[in-house]
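Just below is one structure, and these are the notes that go with it.
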Amino acid sequence: MKENFWSELPRPFFILAPMEDVTDIVFRHVVSEAARPDVFFTEFTNTESFCHPEGIHSVRGRLTFSEDEQPMVAHIWGDKPEQFRETSIQLAKMGFKGIDLNMGCPVANVAKKGKGSGLILRPDVAAEIIQATKAGGLPVSVKTRLGYYEIDEWKDWLKHVFEQDIANLSIHLRTRKEMSKVDAHWELIEAIKNLRDEIAPNTLLTINGDIPDRKTGLELAEKYGIDGVMIGRGIFHNPFAFEKEPREHTCKELLDLLRLHLSLFNKYEKDEIRQFKSLRRFFKIYVRGIRGASELRHQLMNTQSIAEARALLDEFEAQMDEDVKLEL
């Protein structure tokens with residue numbers, strides 16, 4: 001194996017969860033500006049497309065990163081071990097520091113085809129994929145869930161994953177069936193850690209699910225002795241979630257992050273071709289907590305260009321109180 005960056009991380013370390021159509025190079029840089037995590041994962045990259053001579057063009061943008069984001073981990077999915085093998089070799093050449101395998105995506109058209117969380121029901125294939133991915137020489141990690149249908153599946157499934165000698169396991173503390181409709185099962189963290197200690201003490205354990213910020217993550221790490229904390233949806237409510245010394249933030253700071261997002265979208269649009277409308281999902285992150293925010297969001301949703309969005313921000317900020325504090 002090439003250098004294992006996982007062993008050099010602080011304890012506990014913090015990761016921005018991979019999220020489809022969210023954690024691209026643009027949003028990762030915005031989060032980094034607000035408060036940087038220790039590790040970044042890419043969006044989801046399909047191994048079948050990556051290995052196809054034509055499909056590669058449709059996914060390459062998902063793998064765009066800059067050196068200031070290191071250590072960068074490529075998050076990939078599929079169900080053909082040979083495609084994971086080839087993908088891993090190419091990802092190593094591209095400069096990634098690690099590869100993370102998606103065995104937790106609950107979306108129906110993924111899971112029901114035996115991919116993502118569907119691999120929980122195909123443990124032999126999951127093991128083959130893990131071993132095949134090691135061909136690239138990068139540390140291999142897995143992101144998965146407690147089970148597919150029932151919570152009680154966790155012990156057999158995670159025991160099987162731990163036996164594969166992986167660098168890190170990120171466990172979303174819900175089943176595929178639960179999606180994100182119930183509270184994460186924090187009550188299982190201790191038992192999962194005990195299983196890890198018994199089966200694979202050298203595999204790092206990262207928890208994910210309902211963790212809103214670094215403060216909460218530190219409390220869980222101290223209580224249970226886990227190695228890492230992954231924050232996903234919490235970043236939508238608080239882009240400063242990874243802040244080491246939390247402080248009050250102003251509405252203007254959020255709008256400044258939106259301006260940065262717009263600028264970076266322009267900067268990287270040649271590397272990662274996306275339509276302007278893909279930005280709309282982000283507006284609610286930055287525009288809130290101030291009088292007129294709802295109307296501004298509505299207006300931004302109807303814009304068709306970066307220039308239009310900037311003009312609206314200029315007009316809005318000319319009339320706002322820059323010192324209004326946020327309640328995150």
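Including glycine, each Cβ sits where the backbone N, Cα and C put it.
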Task: Among LYS93, LYS134, LYS143 - the residue Swiss-Prot places in the same FMN site as PRO18, MET19, GLU20, ASN208, GLY209, ASP210, GLY232, ARG233 - done: LYS143
TODO: Give the helix, strand or coil assignment DSSP yields for ARG233 (FMN binding site).
DONE: coil
- [ ] Give the residue from the binding-site residues GLU20, ASP210 that has the most other Cβ atoms within 10 Å of its Cβ, counting over every protein chain displayed.
- [x] ASP210
Task: Collapsed DSSP category at ASP210 (FMN binding site) - done: coil
Open item on the list: Return only the integer: C-alpha distance in Å from ARG233 (FMN binding site) to CYS105 (active site, proton donor).
Closed with: 14
